[in-house]
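> There's a structure below that I have some questions on.
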Amino acid sequence: MNKLRVEGNKNLNGNVIISGSKNAALPILFMTILTEEKIKISNVPNLTDINIALKLLVYLGVKIKYKKILCIDASSINIFHAPYHLIKKIRASIWILGPLLARFGKAKIFLPGGCKIGRRPIDLHLNGLIQLGAKIDLKDNCIDAYVKGRLQGKYILMEKISVGATITIMSAATLAQGYTVIDNAACEPEIVDIAKFLNSLGANIIGAGSKKIYIKGVIKLTGGVHQVIPDRIETGTFLVAAAISQGHIICHKTEPKHLKSVLIKLNEAGAKIETGKDWIKLDMRGKRPKALNIFTAPYPGFPTDMQAQFALLNTISKGIGTITETIFENRFIYASELINMGAKIEIQKNTIICYGIPKLISSNVFCSDLRASATLILAGCIAAGLTIVNHTYHLIRGYESFPNKLNKLGADIKII
Ligand code: EPZ
(Lines of atoms letter the chains of each structure in order from A and count residues from 1; the text may use other names and numbers.)
(Lines give C-alpha, C1' and ligand atoms only; values in the text may rest on other atoms or scores of the structure.)
Protein backbone atom coordinates (compact mmCIF):
# COMPACT_ATOMS: atom_id res chain seq x y z
CA MET A 1 0.00 0.00 0.00
CA ASN A 2 1.62 3.23 -1.13
CA LYS A 3 -1.21 5.57 -2.11
CA LEU A 4 -4.74 6.13 -0.76
CA ARG A 5 -7.77 7.94 -2.23
CA VAL A 6 -9.65 9.60 0.67
CA GLU A 7 -13.11 11.12 0.17
CA GLY A 8 -13.71 14.16 2.43
CA ASN A 9 -16.58 15.71 4.37
CA LYS A 10 -17.05 12.60 6.53
CA ASN A 11 -18.39 12.29 10.07
CA LEU A 12 -16.76 9.29 11.70
CA ASN A 13 -19.08 7.38 14.03
CA GLY A 14 -19.35 3.87 15.40
CA ASN A 15 -17.35 1.08 17.05
CA VAL A 16 -13.71 0.09 16.58
CA ILE A 17 -11.75 -2.88 17.99
CA ILE A 18 -8.28 -1.84 19.11
CA SER A 19 -5.34 -4.09 18.16
CA GLY A 20 -2.42 -5.17 20.30
CA SER A 21 0.26 -2.60 21.11
CA LYS A 22 3.04 -2.30 18.50
CA ASN A 23 5.39 -0.79 21.09
CA ALA A 24 4.80 -3.63 23.55
CA ALA A 25 4.73 -6.50 21.02
CA LEU A 26 8.01 -5.51 19.30
CA PRO A 27 10.22 -5.57 22.42
CA ILE A 28 8.41 -8.66 23.76
CA LEU A 29 9.25 -10.52 20.54
CA PHE A 30 12.95 -9.77 21.05
CA MET A 31 12.74 -10.67 24.76
CA THR A 32 11.97 -14.27 23.70
CA ILE A 33 15.69 -14.54 22.81
CA LEU A 34 16.33 -14.66 26.57
CA THR A 35 14.92 -18.17 27.03
CA GLU A 36 15.35 -21.58 25.41
CA GLU A 37 11.85 -22.67 26.36
CA LYS A 38 8.67 -22.26 24.32
CA ILE A 39 6.63 -19.04 24.41
CA LYS A 40 3.07 -18.30 23.27
CA ILE A 41 2.06 -14.69 22.62
CA SER A 42 -1.45 -13.47 21.71
CA ASN A 43 -2.90 -10.11 20.58
CA VAL A 44 0.17 -9.45 18.40
CA PRO A 45 -0.85 -6.88 15.75
CA ASN A 46 -0.32 -7.72 12.06
CA LEU A 47 2.16 -4.97 11.08
CA THR A 48 5.18 -4.74 8.80
CA ASP A 49 7.40 -3.89 11.80
CA ILE A 50 6.23 -7.11 13.49
CA ASN A 51 6.93 -9.12 10.34
CA ILE A 52 10.44 -7.68 10.12
CA ALA A 53 11.04 -8.51 13.80
CA LEU A 54 9.92 -12.11 13.13
CA LYS A 55 12.28 -12.31 10.12
CA LEU A 56 15.14 -11.14 12.33
CA LEU A 57 14.34 -13.81 14.93
CA VAL A 58 14.15 -16.54 12.26
CA TYR A 59 17.52 -15.36 10.89
CA LEU A 60 19.05 -15.93 14.34
CA GLY A 61 17.69 -19.48 14.35
CA VAL A 62 14.44 -18.97 16.30
CA LYS A 63 11.57 -21.28 15.31
CA ILE A 64 8.25 -19.47 14.76
CA LYS A 65 4.68 -20.72 14.22
CA TYR A 66 2.11 -17.99 13.67
CA LYS A 67 -1.60 -18.61 13.31
CA LYS A 68 -3.84 -16.70 15.75
CA ILE A 69 -1.27 -17.28 18.48
CA LEU A 70 2.44 -16.66 17.93
CA CYS A 71 4.50 -19.69 19.07
CA ILE A 72 8.20 -19.01 19.54
CA ASP A 73 11.05 -21.43 20.27
CA ALA A 74 14.45 -19.77 20.73
CA SER A 75 16.22 -22.96 21.91
CA SER A 76 18.28 -23.34 18.75
CA ILE A 77 19.66 -19.81 18.22
CA ASN A 78 23.03 -20.33 16.53
CA ILE A 79 23.69 -16.97 14.90
CA PHE A 80 24.61 -13.90 16.98
CA HIS A 81 24.60 -11.19 14.36
CA ALA A 82 21.75 -9.75 12.29
CA PRO A 83 21.73 -8.62 8.63
CA TYR A 84 21.87 -4.95 7.68
CA HIS A 85 18.85 -5.00 5.36
CA LEU A 86 16.53 -6.09 8.19
CA ILE A 87 18.13 -4.18 11.09
CA LYS A 88 17.94 -0.92 9.13
CA LYS A 89 14.18 -1.19 8.67
CA ILE A 90 13.10 -0.90 12.30
CA ARG A 91 14.28 1.03 15.34
CA ALA A 92 13.12 -1.90 17.48
CA SER A 93 15.97 -4.09 16.18
CA ILE A 94 18.19 -2.50 18.87
CA TRP A 95 16.40 -4.77 21.34
CA ILE A 96 18.22 -7.80 19.94
CA LEU A 97 21.40 -6.59 21.62
CA GLY A 98 20.58 -6.92 25.34
CA PRO A 99 18.98 -10.38 25.18
CA LEU A 100 21.70 -11.92 22.93
CA LEU A 101 24.39 -10.48 25.20
CA ALA A 102 22.66 -11.64 28.39
CA ARG A 103 22.04 -15.20 27.21
CA PHE A 104 25.02 -15.90 24.89
CA GLY A 105 27.60 -13.28 25.89
CA LYS A 106 27.90 -11.91 22.37
CA ALA A 107 25.97 -9.93 19.73
CA LYS A 108 26.74 -8.05 16.55
CA ILE A 109 24.16 -5.72 14.97
CA PHE A 110 24.17 -2.69 12.71
CA LEU A 111 22.90 0.63 14.03
CA PRO A 112 19.06 0.43 13.81
CA GLY A 113 16.70 2.37 11.52
CA GLY A 114 13.32 3.91 12.33
CA CYS A 115 11.15 6.97 11.60
CA LYS A 116 12.98 10.18 10.63
CA ILE A 117 11.56 12.09 13.59
CA GLY A 118 14.94 12.77 15.08
CA ARG A 119 18.54 11.62 15.35
CA ARG A 120 17.49 8.53 17.34
CA PRO A 121 20.86 7.91 19.09
CA ILE A 122 21.45 4.71 21.06
CA ASP A 123 24.11 5.97 23.49
CA LEU A 124 21.89 5.32 26.52
CA HIS A 125 21.36 1.69 25.42
CA LEU A 126 25.10 1.11 24.97
CA ASN A 127 26.12 2.96 28.18
CA GLY A 128 23.68 0.81 30.14
CA LEU A 129 25.10 -2.43 28.75
CA ILE A 130 28.68 -1.25 29.37
CA GLN A 131 27.75 -0.50 33.00
CA LEU A 132 26.50 -4.10 33.24
CA GLY A 133 29.97 -5.27 32.17
CA ALA A 134 29.67 -5.55 28.38
CA LYS A 135 32.59 -4.67 26.06
CA ILE A 136 31.22 -2.77 23.07
CA ASP A 137 33.10 -1.89 19.84
CA LEU A 138 31.48 0.50 17.37
CA LYS A 139 32.95 0.23 13.88
CA ASP A 140 31.55 0.89 10.37
CA ASN A 141 28.02 1.44 11.73
CA CYS A 142 28.19 -1.93 13.45
CA ILE A 143 27.90 -2.68 17.19
CA ASP A 144 30.07 -5.60 18.30
CA ALA A 145 29.27 -6.54 21.91
CA TYR A 146 30.52 -9.29 24.17
CA VAL A 147 30.97 -10.20 27.83
CA LYS A 148 33.21 -12.79 29.46
CA GLY A 149 30.92 -14.92 31.67
CA ARG A 150 27.72 -13.22 32.90
CA LEU A 151 26.73 -9.55 32.92
CA GLN A 152 27.02 -8.03 36.40
CA GLY A 153 24.07 -6.26 38.09
CA LYS A 154 24.59 -2.55 38.80
CA TYR A 155 22.89 0.65 40.00
CA ILE A 156 22.26 2.63 36.79
CA LEU A 157 21.06 6.23 36.82
CA MET A 158 19.59 7.14 33.41
CA GLU A 159 20.84 10.61 32.44
CA LYS A 160 17.76 10.97 30.22
CA ILE A 161 14.38 9.19 30.31
CA SER A 162 14.42 6.67 27.46
CA VAL A 163 11.79 4.01 26.76
CA GLY A 164 14.12 2.01 24.54
CA ALA A 165 17.16 2.14 26.77
CA THR A 166 15.10 1.22 29.85
CA ILE A 167 13.91 -1.86 27.96
CA THR A 168 17.44 -2.78 26.80
CA ILE A 169 18.89 -2.55 30.32
CA MET A 170 15.93 -4.32 31.95
CA SER A 171 16.18 -7.21 29.49
CA ALA A 172 19.95 -7.62 29.92
CA ALA A 173 19.75 -7.34 33.74
CA THR A 174 17.20 -10.18 33.81
CA LEU A 175 20.00 -12.77 33.41
CA ALA A 176 22.84 -10.73 34.99
CA GLN A 177 24.60 -11.79 38.18
CA GLY A 178 23.13 -9.98 41.21
CA TYR A 179 20.93 -6.89 41.53
CA THR A 180 20.36 -4.07 39.03
CA VAL A 181 18.52 -0.81 39.78
CA ILE A 182 17.39 1.39 36.87
CA ASP A 183 16.88 4.86 38.33
CA ASN A 184 15.09 7.60 36.35
CA ALA A 185 13.52 4.78 34.31
CA ALA A 186 10.80 5.33 31.69
CA CYS A 187 7.32 4.50 33.07
CA GLU A 188 5.40 3.67 29.88
CA PRO A 189 2.69 0.95 30.05
CA GLU A 190 4.68 -1.01 27.44
CA ILE A 191 7.52 -1.34 29.96
CA VAL A 192 5.07 -2.67 32.55
CA ASP A 193 3.83 -5.23 30.00
CA ILE A 194 7.38 -6.35 29.16
CA ALA A 195 8.21 -6.76 32.86
CA LYS A 196 4.99 -8.74 33.37
CA PHE A 197 5.98 -10.99 30.45
CA LEU A 198 9.54 -11.51 31.74
CA ASN A 199 8.30 -12.22 35.28
CA SER A 200 5.93 -14.83 33.84
CA LEU A 201 9.09 -16.54 32.52
CA GLY A 202 10.65 -16.55 36.00
CA ALA A 203 12.42 -13.17 35.97
CA ASN A 204 12.57 -11.10 39.13
CA ILE A 205 11.56 -7.52 38.26
CA ILE A 206 9.73 -5.09 40.55
CA GLY A 207 8.87 -1.43 40.13
CA ALA A 208 8.23 -1.41 36.36
CA GLY A 209 6.00 1.59 35.63
CA SER A 210 7.73 3.65 38.33
CA LYS A 211 10.92 5.73 38.12
CA LYS A 212 12.91 2.96 39.83
CA ILE A 213 13.01 -0.62 38.52
CA TYR A 214 14.67 -3.36 40.60
CA ILE A 215 15.90 -6.51 38.85
CA LYS A 216 17.39 -9.55 40.61
CA GLY A 217 19.25 -11.54 37.97
CA VAL A 218 18.38 -15.24 37.52
CA ILE A 219 20.37 -18.05 35.88
CA LYS A 220 17.78 -18.88 33.23
CA LEU A 221 14.19 -18.26 32.25
CA THR A 222 11.38 -20.74 31.60
CA GLY A 223 8.67 -20.72 28.92
CA GLY A 224 5.33 -18.97 29.22
CA VAL A 225 2.18 -17.50 27.70
CA HIS A 226 1.44 -13.77 27.32
CA GLN A 227 -1.26 -11.49 25.92
CA VAL A 228 0.01 -8.14 24.63
CA ILE A 229 -1.69 -5.00 26.00
CA PRO A 230 -3.91 -2.90 23.69
CA ASP A 231 -2.35 -0.13 21.60
CA ARG A 232 -2.93 3.17 23.44
CA ILE A 233 -1.75 5.25 20.47
CA GLU A 234 -4.10 3.52 18.02
CA THR A 235 -6.87 4.13 20.58
CA GLY A 236 -5.97 7.83 20.83
CA THR A 237 -5.85 8.11 17.04
CA PHE A 238 -9.41 6.80 16.66
CA LEU A 239 -10.67 9.05 19.46
CA VAL A 240 -9.22 12.02 17.56
CA ALA A 241 -10.89 10.71 14.36
CA ALA A 242 -14.30 11.16 16.02
CA ALA A 243 -13.32 14.41 17.75
CA ILE A 244 -12.27 16.17 14.51
CA SER A 245 -15.35 14.99 12.61
CA GLN A 246 -17.80 16.04 15.35
CA GLY A 247 -18.78 12.38 15.67
CA HIS A 248 -18.99 9.70 18.34
CA ILE A 249 -17.03 6.50 18.77
CA ILE A 250 -16.55 3.57 21.14
CA CYS A 251 -13.07 2.01 21.22
CA HIS A 252 -13.30 -1.61 22.39
CA LYS A 253 -10.60 -3.96 23.79
CA THR A 254 -8.53 -1.02 25.01
CA GLU A 255 -7.17 0.13 28.38
CA PRO A 256 -8.53 3.55 29.49
CA LYS A 257 -5.98 3.94 32.30
CA HIS A 258 -3.18 4.09 29.67
CA LEU A 259 -4.69 7.21 28.11
CA LYS A 260 -5.35 9.50 31.09
CA SER A 261 -3.44 12.50 29.68
CA VAL A 262 -5.10 12.08 26.24
CA LEU A 263 -8.62 11.82 27.70
CA ILE A 264 -8.05 14.94 29.84
CA LYS A 265 -7.15 16.90 26.69
CA LEU A 266 -10.10 15.52 24.66
CA ASN A 267 -12.41 16.51 27.49
CA GLU A 268 -10.87 20.00 27.47
CA ALA A 269 -11.60 20.13 23.71
CA GLY A 270 -15.30 19.64 24.51
CA ALA A 271 -15.70 15.88 24.09
CA LYS A 272 -17.98 13.89 26.38
CA ILE A 273 -15.91 10.92 27.55
CA GLU A 274 -17.13 7.73 29.25
CA THR A 275 -14.95 4.75 30.10
CA GLY A 276 -15.47 1.16 31.23
CA LYS A 277 -13.21 -1.81 32.00
CA ASP A 278 -11.95 -2.19 28.42
CA TRP A 279 -13.71 0.54 26.43
CA ILE A 280 -13.70 4.31 25.90
CA LYS A 281 -16.65 6.26 24.47
CA LEU A 282 -16.22 9.73 22.99
CA ASP A 283 -19.08 11.95 21.81
CA MET A 284 -18.57 15.44 20.35
CA ARG A 285 -22.35 15.97 20.31
CA GLY A 286 -21.98 17.56 16.86
CA LYS A 287 -19.73 20.34 18.16
CA ARG A 288 -16.47 21.68 16.75
CA PRO A 289 -13.58 21.06 19.20
CA LYS A 290 -11.97 23.83 21.22
CA ALA A 291 -8.24 24.50 20.61
CA LEU A 292 -5.76 22.99 23.09
CA ASN A 293 -2.35 23.85 24.53
CA ILE A 294 -0.20 20.74 25.04
CA PHE A 295 3.34 19.81 26.09
CA THR A 296 4.49 16.31 25.17
CA ALA A 297 6.29 14.47 27.97
CA PRO A 298 7.38 10.99 29.09
CA TYR A 299 4.54 8.84 30.47
CA PRO A 300 2.24 9.58 32.24
CA GLY A 301 2.59 12.93 30.45
CA PHE A 302 1.04 13.60 27.05
CA PRO A 303 2.49 11.10 24.51
CA THR A 304 4.69 12.44 21.70
CA ASP A 305 3.11 9.75 19.48
CA MET A 306 -0.18 11.68 19.70
CA GLN A 307 1.37 15.06 18.82
CA ALA A 308 0.54 15.05 15.08
CA GLN A 309 -3.02 13.84 15.61
CA PHE A 310 -3.71 16.64 18.12
CA ALA A 311 -2.10 19.24 15.89
CA LEU A 312 -4.67 18.22 13.25
CA LEU A 313 -7.41 18.66 15.85
CA ASN A 314 -6.08 22.15 16.62
CA THR A 315 -6.07 23.13 12.92
CA ILE A 316 -9.88 22.82 12.75
CA SER A 317 -10.69 23.86 16.33
CA LYS A 318 -12.17 27.10 17.64
CA GLY A 319 -9.27 29.35 18.71
CA ILE A 320 -5.47 29.11 18.68
CA GLY A 321 -3.81 25.91 19.89
CA THR A 322 -0.13 25.18 20.63
CA ILE A 323 1.75 21.88 21.02
CA THR A 324 5.32 21.89 22.32
CA GLU A 325 7.31 18.76 21.38
CA THR A 326 9.84 18.00 24.10
CA ILE A 327 10.90 14.43 23.16
CA PHE A 328 11.98 14.42 19.49
CA GLU A 329 13.72 17.16 17.56
CA ASN A 330 12.12 16.75 14.14
CA ARG A 331 8.52 15.70 14.57
CA PHE A 332 6.65 18.47 12.69
CA ILE A 333 7.36 17.29 9.11
CA TYR A 334 3.62 16.67 8.55
CA ALA A 335 2.84 20.38 9.19
CA SER A 336 3.75 21.44 5.63
CA GLU A 337 1.27 18.88 4.28
CA LEU A 338 -1.51 20.23 6.51
CA ILE A 339 -0.63 23.76 5.31
CA ASN A 340 -1.16 22.46 1.74
CA MET A 341 -4.65 21.53 2.95
CA GLY A 342 -5.31 25.10 4.04
CA ALA A 343 -4.29 24.83 7.69
CA LYS A 344 -2.97 28.03 9.31
CA ILE A 345 0.19 26.86 11.08
CA GLU A 346 3.36 28.47 12.44
CA ILE A 347 6.35 26.57 13.83
CA GLN A 348 8.33 28.38 16.52
CA LYS A 349 11.32 26.31 17.71
CA ASN A 350 9.74 23.14 19.15
CA THR A 351 6.18 24.48 19.22
CA ILE A 352 3.53 24.14 16.52
CA ILE A 353 0.96 26.96 16.65
CA CYS A 354 -2.39 26.30 14.89
CA TYR A 355 -4.87 29.09 14.13
CA GLY A 356 -8.15 27.16 13.92
CA ILE A 357 -10.19 27.27 10.70
CA PRO A 358 -13.61 25.62 10.12
CA LYS A 359 -12.55 23.37 7.23
CA LEU A 360 -9.47 21.97 5.48
CA ILE A 361 -9.37 21.57 1.71
CA SER A 362 -8.34 18.43 -0.14
CA SER A 363 -4.85 18.10 -1.60
CA ASN A 364 -2.16 15.69 -2.77
CA VAL A 365 -0.16 14.98 0.43
CA PHE A 366 2.93 12.96 1.34
CA CYS A 367 3.49 10.95 4.54
CA SER A 368 6.86 11.21 6.29
CA ASP A 369 6.49 8.84 9.24
CA LEU A 370 4.08 6.52 10.98
CA ARG A 371 1.97 8.93 13.07
CA ALA A 372 2.02 11.59 10.34
CA SER A 373 0.50 9.00 7.95
CA ALA A 374 -2.49 8.39 10.22
CA THR A 375 -2.88 12.14 10.74
CA LEU A 376 -2.94 12.96 7.00
CA ILE A 377 -5.49 10.22 6.31
CA LEU A 378 -7.73 11.63 9.05
CA ALA A 379 -7.24 15.11 7.56
CA GLY A 380 -8.42 13.74 4.19
CA CYS A 381 -11.54 12.27 5.81
CA ILE A 382 -12.72 15.69 7.04
CA ALA A 383 -11.37 18.00 4.29
CA ALA A 384 -13.63 19.33 1.50
CA GLY A 385 -13.10 17.22 -1.62
CA LEU A 386 -10.88 14.25 -2.54
CA THR A 387 -7.42 13.91 -0.97
CA ILE A 388 -4.65 11.65 -2.30
CA VAL A 389 -2.32 10.43 0.46
CA ASN A 390 1.08 9.22 -0.81
CA HIS A 391 3.85 7.11 0.81
CA THR A 392 1.38 5.29 3.03
CA TYR A 393 3.84 2.40 3.41
CA HIS A 394 4.79 4.18 6.65
CA LEU A 395 1.23 3.58 7.94
CA ILE A 396 1.25 -0.24 7.84
CA ARG A 397 4.37 -0.24 10.02
CA GLY A 398 2.22 0.64 13.01
CA TYR A 399 -1.52 0.57 12.31
CA GLU A 400 -3.35 -2.72 11.63
CA SER A 401 -6.09 -2.39 8.94
CA PHE A 402 -6.37 1.38 9.51
CA PRO A 403 -8.28 2.21 6.26
CA ASN A 404 -10.72 -0.71 6.83
CA LYS A 405 -11.35 0.31 10.44
CA LEU A 406 -11.97 3.92 9.33
CA ASN A 407 -14.30 2.82 6.49
CA LYS A 408 -16.40 0.95 9.07
CA LEU A 409 -16.76 4.33 10.86
CA GLY A 410 -18.10 6.03 7.72
CA ALA A 411 -14.92 6.97 5.89
CA ASP A 412 -14.48 6.29 2.16
CA ILE A 413 -10.85 5.30 1.64
CA LYS A 414 -9.57 3.29 -1.29
CA ILE A 415 -6.10 1.92 -2.06
CA ILE A 416 -4.92 3.08 -5.52
C1 EPZ B 1 9.92 4.57 21.75
O2 EPZ B 1 10.96 5.06 20.95
C3 EPZ B 1 8.76 4.33 20.79
N4 EPZ B 1 9.16 3.37 19.76
C5 EPZ B 1 8.38 5.66 20.10
O6 EPZ B 1 7.23 5.40 19.30
C7 EPZ B 1 8.00 6.67 21.18
O8 EPZ B 1 7.73 7.91 20.57
C9 EPZ B 1 9.20 6.83 22.15
O10 EPZ B 1 9.53 5.55 22.72
C11 EPZ B 1 8.91 7.81 23.27
O12 EPZ B 1 7.79 7.43 23.94
C13 EPZ B 1 9.07 2.03 20.02
O14 EPZ B 1 8.69 1.63 21.11
C15 EPZ B 1 9.45 1.10 18.90
P16 EPZ B 1 13.16 7.00 23.63
P17 EPZ B 1 12.46 5.16 21.56
O18 EPZ B 1 14.38 6.17 23.79
O19 EPZ B 1 12.70 4.06 22.52
C20 EPZ B 1 16.64 10.17 23.14
C21 EPZ B 1 5.97 5.35 17.32
O22 EPZ B 1 5.48 6.25 16.59
N23 EPZ B 1 17.56 9.04 23.25
O24 EPZ B 1 12.19 7.10 24.76
O25 EPZ B 1 13.40 5.32 20.42
C26 EPZ B 1 15.81 10.14 21.86
O27 EPZ B 1 16.53 10.73 20.79
C28 EPZ B 1 7.38 5.52 17.86
O29 EPZ B 1 5.38 4.29 17.66
C30 EPZ B 1 18.91 9.29 23.39
O31 EPZ B 1 19.34 10.43 23.42
O32 EPZ B 1 12.36 6.55 22.33
C33 EPZ B 1 14.60 10.96 22.25
O34 EPZ B 1 14.91 12.33 22.13
C35 EPZ B 1 8.03 6.83 17.44
N36 EPZ B 1 19.77 8.23 23.48
C37 EPZ B 1 14.42 10.62 23.74
O38 EPZ B 1 15.67 10.10 24.19
C39 EPZ B 1 19.32 6.94 23.46
O40 EPZ B 1 20.15 6.01 23.58
C41 EPZ B 1 13.34 9.59 24.00
O42 EPZ B 1 13.61 8.47 23.18
C43 EPZ B 1 17.93 6.70 23.32
C44 EPZ B 1 17.07 7.76 23.23
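Each Cβ is built from the backbone N, Cα and C atoms, and glycine gets one as well.
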> Need a hand: TrEMBL gives R91, R120, P121, I122, D123, L124, I327 for UDP-N-acetyl-alpha-D-glucosamine, which of D144, D278, D283, D305 is also on that list?
D305
> Could you state the whole-number distance in Å separating the C-alpha atoms of L124 (UDP-N-acetyl-alpha-D-glucosamine binding site) and N23 (phosphoenolpyruvate binding site)?
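About 18 Å separate the Cα atoms of these two residues.
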> Which whole number of Å gives the largest C-alpha distance between any two of R91, R120, P121, I122, D123, L124, D305, I327, the residues noted as binding UDP-N-acetyl-alpha-D-glucosamine?
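So the binding residues stretch over 22 Å, Cα to Cα.
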> In the structure shown, with every protein chain counted, which of the binding-site residues K22, P121, D123 has the densest set of Cβ atoms within 10 angstroms of its Cβ?
K22
